[in-house]
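J.: Taken from TrEMBL, the feature active site, proton acceptor applies to ASP33. Sequence annotations record features per position, and here TrEMBL assigns active site, proton donor to ASP173. As annotated by TrEMBL, substrate binding site applies to SER8, HIS64, GLY140, PHE141, GLY142, GLY143, ASP173, GLY174, GLY175, GLY195, SER196. Residues or ranges marked as divalent metal cation binding site by TrEMBL: HIS31, ASP33, HIS64, ASP173.
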Amino acid sequence: MVTRINPSILAADFANLEREFGRISTADLAHVDVMDNHFVPNLTLGLPIVERLLQVSPIPLDIHLMIEDPDRWAPAYAEAGAYSVTFHAEAATDAVALARRLRAIGSRAGIALKPGTPVEPYLDLLDEFDQVLVMTVEPGFGGQSFLASTMPKLSLLADAVREKGLDVWLQVDGGITEDTIAQAAAAGANTFVAGSSVFNGDPAGQIERLRSAAELHSHAH
Ligand code: DX5
Ligand code: ZN
């Protein structure tokens with residue numbers, strides 16, 4: 001199985017983002033957290049900055065939209081050239097229609113679930129998405145502790161993906177460290193977002209340590 005490590009630039013130095021991208025060039029995708037002060041109580045960056053990041057990043061961008069009304073705002077990120085655009089199930093009016101629009105524009109379409117959002121309503125819709133993001137903290141801030149209570153959702157997703165023979169990436173985001181990544185990998189995640197654990201140290205080394213730990217505990221083994 002393929003393991004993907006996506007550093008979250010929320011933990012990077014926002015005054016030196018081009019330099020920070022250079023520190024994570026061995027990662028698979030760079031995770032960009034877009035927050036609007038409405039869906040979550042925090043504000044980060046939006047389309048103009050993402051457009052510039054797309055020009056300087058050495059790796060594809062994985063956009064995580066923590067915003068209200070993604071039906072209105074998400075397609076522009078796909079049009080700008082984002083490799084992957086993930087919006088929240090709790091915020092979307094018509095998740096399937098939005099995912100189809102994102103795919104038609106040419107990006108991968110992801111749907112994100114907050115820790116308290118059940119996954120069951122989405123299990124029969126998995127072919128409409130390229131990625132499901134199971135939030136392992138409440139969205140809004142980096143540096144929080146991993147919520148193991150979310151792991152049963154990953155197991156349900158992994159079983160459904162296998163039964164249907166799909167290739168949907170199963171992503172976790174929040175509190176991922178060398179310790180917690182093992183639980184998420186064992187539950188079925190294959191795409192791991194890590195912010196503070198990558199940037200608060202030696203990013204290249206930490207990316208490889210996370211990758212090794214995930215592969216050691218992978219569900220597929
Ligand atoms: C939180 C964001 C995460 C955040 C993770 O709402 O979606 O991507 O950057 O940060 P860490 O890895 O520090 O928990
Ligand atoms: Zn995120």
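Using the three backbone atoms N, Cα and C, a Cβ is placed for every residue, glycine included.
Predicted, not measured: the structure shown is a model, and the values here were computed from it.
Quick one: how deep are these features, and who are their neighbours?
T.: For ASP33 (active site, proton acceptor), the Cβ neighbour count at a 10 Å cut-off comes to 24, with all displayed protein chains included. In this structure, ASP33 (active site, proton acceptor) is part of a beta strand by DSSP.
Counting every protein chain shown, the number of other Cβ atoms lying within 10 Å of the Cβ of ASP173 (active site, proton donor) is 27.
Cβ environment of GLY175 (substrate binding site): THR136, VAL137, GLN144, SER145, PHE146, LEU147 lie under 8 Å away, each six or more residues apart in the same chain. A coil conformation is recorded for GLY175 (substrate binding site) in the three-state DSSP classification, outside any helix or strand.
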J.: So which other residues, same chain and not among HIS31, ASP33, HIS64, ASP173, have a Cβ within 8 Å of the centroid of the Cβ atoms at the divalent metal cation site?
T.: ASN6, SER8, LEU10, VAL32, ASP62, ILE63, MET66, THR86, LEU133, VAL193, GLY195
J.: With H, G and I counted as helix, E and B as strand and the rest as coil, say where DSSP puts GLY140 (substrate binding site).
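T.: The three-state answer is coil.
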J.: How many other Cβ atoms are found within 10 Å of the Cβ atom of SER8 (substrate binding site), counting all protein chains shown?
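T.: Taking every protein chain into account, the count is 24.
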J.: What's the CA-CA gap between ASP33 (active site, proton acceptor) and SER196 (substrate binding site) in angstrom, rounded?
T.: 13
J.: Long-range same-chain neighbours of GLY142 (substrate binding site), Cβ under 8 Å, sequence gap at least 6?
T.: SER8, LEU10, ALA11, GLY195, SER196
J.: Just counting, how many other CB atoms are there within 10 A of the CB of SER196 (substrate binding site)?
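T.: Step by step: centre on the Cβ of SER196 (substrate binding site), count other Cβ atoms within 10 Å, giving 16.
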